[in-house]
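Here is what Swiss-Prot says about this protein:
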BINDING   Lys274, Asp279, Asp297, Glu358  Mn(2+) 2 binding site
BINDING   Asp279, Asp356, Glu358  Mn(2+) 1 binding site
ACT_SITE  Lys286  active site
ACT_SITE  Arg360  active site
Amino acid sequence: MDFSIKGCDWSKGEAKGFLTGKSDCIVLGIFEAQTLSGAALDIDTATKGLISRVVKAGDMDGKRGKTLFLPEVSGIGASRVLLVGLGKQDAFNQKAYNDAATAAWRALLATKVVQVTFSLAQLPVDERSSDWGVRAAILALRNETYRFTQMKSKPEPASHTLKRVVFSVDPADEKAAKVAIKQAVALANGMDLTRDLGNLPGNVCTPTYLGNTAKKIAKDWGLKAEVLGLKQIQALKMGSFLSVARASVEPPQFIVLHYQGAAAKAAPVVLVGKGITFDTGGISLKPGEGMDEMKYDMCGAGSVLGTIRAVAEMGLKINVVAIVPTCENMPGGNATKPGDIVTSMKGLTIEVLNTDAEGRLILCDALTYAERFKPAAVIDVATLTGACVIALGGHNSGLFSTNDALAGELLDASREANDPAWRMPLDDEYQDQLKSNFADLANIGGRPAGAVTAACFLSRFTESYPWAHLDIAGTAWKGGAAKGATGRPVPLLAQFLIDRAGQ
């Protein structure tokens, strides 16, 4: 799909190109109380009051997400107009903008339009510039066009005909908007990879498959890839990681991807993704109902791979290392048992009270491994706890950090990227719940504050660098009729890295 930019100040009568330029459809916004947006006012004048008459007749009330096509419109180059309800003008925020953009794309994709002019990016949204609107609109479009059909005997072809979108932006934002297109396409490609990996079944997306995916990313984008096998993991003394992997016939992999966009001496940001490609719970077996969704337990790994792919396509001037410990968590005669004690790469001994709290067991060794890069920051991403879902639901990812500055950067990025996160507590008092009579610490701290104690466990392995943890158990995938991986938190992570790179 082709995206382009055209500067236009509707308030100064600069809309001639849009009024005469050929297009299948122009998208206009209408607020409640019959208020026309700037672009809609110009088109209304060119069409001799058509938009006003439609609104006055009650055919378009401006309620958020409502759409109305006006066919065969005379006086402008576009053959039709799509009116999109924006809701109340004084409540028009980022969510309202995304709702409007999504509604517009859904309506357009159901038609045979090929070229569209999109004016909504210029709407005032929480002090964001129109280049922000361009990026958000492209991501909304790519979200609507994403389909996962490759596992069907007859994959479904794309049902839409849309090929070209022209965005009108404020003239001062033209240069930034062109950058926004590049970033949005790269980000959408990274999200698609993340979603594909999450949606693949566990018998396809194995640890070996993730390793091969990392190698392909490295080959396609000029990254350096290291994929360590069982013997190398054993040599590193990753006893905690291996305690999870031991009962599966699928060999574990320890994946490291290096992206160098800055000077070699510049400290990298390290992203660590939990890669449990299927989680039965091990000996602490999960209930059978809904266990199919445990293929999504590698979405942390998928988001890290999707992010570094997006970063490489954007060409960000920053160094990034992606680390993915990946294995299955299976029951078996040689599986780790509740009460077993294992030794982590750091040397801390861990009493495994519940084998279904396995994500932290593979992450802790990866977090120790990250020390060798002398990182500027380390962010781990994991579908870690059901407790986080209970606390935050499916809207916000849980953010935990021992570093206020890093947490602030991530929260700013989450707001900019429309990928919400909520900071959770990480007080020292919670550490007491991890005490063990027999080892240095236990892998669970009981039911109270389960998401917090999981993060506390990880914090024991992160003392040498700024660290944050994203619990995406509630945001990595959706159930029900819209079942599937979401691609989150790739937008948050990518925006954080864009900000760090100053781009």
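Even glycines carry a Cβ here, placed using N, Cα and C.
The sparsest Cβ neighbourhood within 10 Å, among the listed binding-site residues (Asp356, Glu358), is found at Asp356. Within 10 Å of the C-beta of Asp279 (Mn(2+) 2 binding site) we count 25 further C-beta atoms, all protein chains included. The two recorded residues, Lys286 (active site) and Lys274 (Mn(2+) 2 binding site), show a Cα separation of 18 Å.
The recorded positions in question are Lys274, Lys286, Arg360, and the one with the fewest Cβ neighbours inside 10 Å is Lys286. Listed in chain order, the residues near the Mn(2+) 2 site other than Lys274, Asp279, Asp297, Glu358 are Val244, Gly275, Ile276, Met294, Met298, Asn329, Gly359, Ile362, Ala382, Thr383, each with its Cβ within 8 Å of the site Cβ centroid. Note on Asp297 (Mn(2+) 2 binding site): other Cβ atoms within 10 Å of its Cβ, all shown chains, come to 27.
Neighbours of the Mn(2+) 1 site: apart from Asp279, Asp356, Glu358, residues of the same chain with C-beta atoms within 8 angstroms of the site's C-beta centroid are Val244, Ile276, Thr280, Gly281, Gly282, Ser284, Lys286, Met294, Asp297, Asn329, Thr355, Ala357, Gly359.
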